[in-house]
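Inspection log for the structure reproduced underneath, given as structure tokens.
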Amino acid sequence: MRDAWRFAVGTLTALPVRPPTRVDRDTARRAMLLAPLAALPLGLLVAAVLAAGRAVELPPLAVGLLAVGALAASSRALHWDGLSDTVDGLAASYDPARSLAVMRSGTSGPAGVLATVVVAGVQAAALATLLDQPLLAGALVCLSRCALWIVCCTRVPAARADGLGADVARTVPLPVAVLGGLLLSAVGGLVVLVLVRRTVRRFGGVTGDVMGAAVELALAATLLAWAAR
């Protein structure tokens, strides 16, 4: 369990932790199951930013943007990189090999940049409506990591034989993936399902980038659903 915790925290946050001594399929499965709990420090950070912004009466949208920035910094913007690369891959070609090569190149194209701006804007605008409910916002940040349960479901193949995606793909049991969809809210779960279906058809499976994209899209959709209540 210690290795799984180190794997989850070290992969999903910028917190300094010792690397796991061993990473096998069981460690990867436990790490993905621990993902929402590993994100607890990130959720508390977002809650603190919202509470502080409200206390000093900053403009709500500015506070939302600061919260998104703090969240990105606390996870090394890893999920944002995944979102950008995934959208670039989807926009690049219908050839799976070429799309995967574009994703692996590490450069951001116009499609990826636009997707990042739009999703970040949605997150910030939704967080701006939750200034009086900072703990709820923090909880939603943690729950957004349940998207990884869906992407890493045993029914979803990996697009590559190497990389982070291959390490954690097909590790989460189907009942847990279904629970993850329910915890995300109908909208968040649906968005992740659409992403998974699309990437499996286009790439032949999921990658670490797709997992990052799923987290950011799930957070945006879930925050928006709560903001619309």
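Yeah, the Cβs are placed from backbone N, Cα and C, and that goes for glycine too.
What Swiss-Prot records for this protein:
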TRANSMEM  31-51  transmembrane segment
TRANSMEM  55-75  transmembrane segment
TRANSMEM  111-131  transmembrane segment
TRANSMEM  134-154  transmembrane segment
TRANSMEM  176-196  transmembrane segment
TRANSMEM  208-228  transmembrane segment
Legend entry - Intrachain residues whose Cβ lies under 8 Å of the transmembrane segment (176-196), provided they are six or more past its termini: 33, 86, 143-144, 146-156, 206, 210, 213-214, 217-219, 221-222, 224-226
Inset, instruction - Would you kindly list the residues that approach the transmembrane segment (134-154) from elsewhere in its chain, counting only those six or more residues past its ends and only Cβ-Cβ distances under 8 Å? - result: 12, 32-33, 35-40, 42-48, 50-51, 54, 67, 71, 127, 168-174, 176-177, 179-181, 183-184, 188-189, 192-193, 195-196, 206, 210-211, 214-219, 222-223, 226
Inset, instruction - Could you pull out which residues elsewhere in the chain have a CB under 8 Å from any CB of the transmembrane segment (208-228), counting only those six or more residues past its ends? - result: 78-83, 85-87, 89, 103, 119, 122-123, 125-127, 129-130, 136-137, 140-141, 143-148, 150-152, 159, 163-165, 168, 184-192, 195-196, 199
Inset, instruction - Using a Cβ cut-off of under 8 Å, list the residues of the same chain at least 6 residues beyond the transmembrane segment (31-51) that approach it. - result: 4-5, 7-9, 11-13, 15, 63, 66-67, 70-71, 74-75, 127, 130-131, 134-135, 137-146, 148-149, 152, 168, 171-172, 176
Inset, instruction - Report, as numbers and ranges, every residue of the chain located at least six residues beyond the transmembrane segment (55-75) whose Cβ falls under 8 Å of a Cβ in that stretch; write 'none' if there are none. - result: 12-15, 41-42, 45-46, 49, 120, 123-129, 131, 137, 141
